[in-house]
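Take a look at the structure below.
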Amino acid sequence: RIMRPDDANIAGNVHGGTILKMIEEAGAIISTRHCNSQAGEPCVAALARVERTDFLSPMCIGEVANVSAEITYTSRHSVEVQVNVMSENILTGAKKVTNKATLWYVPLSLKNVNKVLEVPPIQYARKEQEDEGKKRYEEQKLDRLETKQRNGDMILPVINPEPHTVGYSQSSLIHLVGPSDCTLLGFVHGGVTMKLMDEVAGIVAARHCKTNIVTASVDAINFHEKIKKGCVITVSGRMTFTSNKSMEIEVFVDADPFVDEPRERYRAVSAFFTYVSLSKEGKPLPVPQLLTETEDEKRRFEEGKGRYLQTKAKRQAQMQQAAQQ
């Protein structure tokens, strides 16, 4: 579809959350189709996880987004979907890849939303494809478990924070989940949640550097629990790490059952977003150094630095490998 002004920021760059929402819609369509391809209980595919995705190139107002999806692996109860996003300038015909993403879905019964159904297997062209897919499946399963175990943090307001501190830029958004946010099962679309998360992360980044910012990448997004229609969700974001030209923001979503639900507030989704600061000409700008004050902030900064260096090393290795080929 064509990108409109309400899809973009003030500089004309399409919001990362808009692209994430389109990616999730494509993944939900193809995985739901596949899970209903054989006779059996009807179901809807629910998003469980999004692997790290890089925003390779900005997309602008007036360009056409082409989103394509392919199922690359199935386990007994989950589907792996690879999604590619390409932007097209319809005036010049120029095309470029803007995103590549991997998503995991689980099929939930339409009759019983707590029942996970079995997934029809796919045919692999080579045995190696199945083995590689199984390895990815086991890795994401382990990472989801580890992430859920460390999800006890809360973001508390800070009185009169100093500029460039964690408290100065941290932000929260409160949203009442309505019918238009939900799937046929009455639970929030993963794409809706990711768009809200990107919006909060973008506010944190803009508050910190006071410039135009764009989403550079999103680390793995883990959907720990479903969010039901009628819940009040709080989307919170805080700066965890800055390099010379990038900012890492931790974002999590807490759900508060609001209608006919005795359950207490719970952590539903968590992720790390990375942003870069751009000049009016679209050139990267230096990012103000994050000032850490507490021991927890210093610990999170070092953990973010570790993720940054690991990603940088992986990218350099891929560039060297491409150059050798």
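Here, residue 1 is simply the first one shown, and the rest follow in order.
Cβ atoms are placed via backbone N, Cα and C, with glycine included.
Whatever TrEMBL says is automated annotation, not expert-curated.
It should be emphasised that the depicted structure is a prediction, and the values quoted were computed from it without experimental measurement.
For 1-111 (among others), the entry in TrEMBL reads domain 'HotDog ACOT-type'. Here the domain 'HotDog ACOT-type' (1-111) has, by DSSP, the following mix of helix, strand and coil residues: 23 helix, 52 strand, 36 coil.
Around the Cβ of N9 (active site), the number of neighbouring Cβ atoms within 10 Å comes to 15. What TrEMBL records for N9 (among others) is active site.
Among the features that TrEMBL reports, domain 'HotDog ACOT-type' is placed at 167-281 (among others).
Taken from TrEMBL, the feature active site covers D198 (among others). Listed in sequence order, the residues of the same chain lying 6 or more apart from D198 (active site) and placing their CB within less than 8 Å of its CB are H15, G16, G17, L20, T215, V218, F273.
The annotation region 'Disordered' is assigned in TrEMBL to 294-325. For the region 'Disordered' (294-325), the residues of the chain that approach it from at least six positions outside its boundaries are 52, 166, 217, 219, 240-241, 243, 246, 248, 250, 272, judged by C-beta separation under 8 angstroms.
The compositional bias 'Basic and acidic residues' feature in TrEMBL is assigned to 296-306.
Among the features that TrEMBL reports, compositional bias 'Low complexity' is placed at 316-325.
With helix defined as DSSP H, G or I and strand as E or B, the region 'Disordered' (294-325) counts 30 helix, 0 strand, 2 coil.
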